[in-house]
Amino acid sequence: MKTLLLTLVVMTIVCLDLGYTLICFISSHDSVTCAPGENVCFLKSWCDAWCGSRGKKLSFGCAATCPKVNPGIDIECCSTDNCNPHPKLRP
């Protein structure tokens, strides 16, 4: 009886698929585990009034789908852990 119960518990765990959660950067050095359903990491960059002297503004994060591209905004999306690093920190 114990063997049957143990087998059922193991099969339940295997069949439930405990789920994979993606990890994405949210800043230059910090990352976060994305919420369920958020399956892509993104890096959004754009110029503001100080772009010439300070460089582009950056926004990092998780999303369910790749954010919409608008004029003047560059977006990179990916789907592996920590795949959206700061451009200066890329290998």
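Heads up, the Cβ atoms here are built off N, Cα and C, so glycines get one too.
Recorded disulfide link (Swiss-Prot): Cys24 to Cys41, out of the candidates Cys41, Cys47.
Disulfide annotation in Swiss-Prot: Cys62 is bonded to Cys34, selected among Cys15, Cys34.
The Cβ of Cys51 (disulfide bond) has 12 other Cβ atoms within 10 Å, all protein chains considered.
With respect to their backbone Cα atoms, Cys47 (disulfide bond) and Cys62 (disulfide bond) stand 21 Å from each other.
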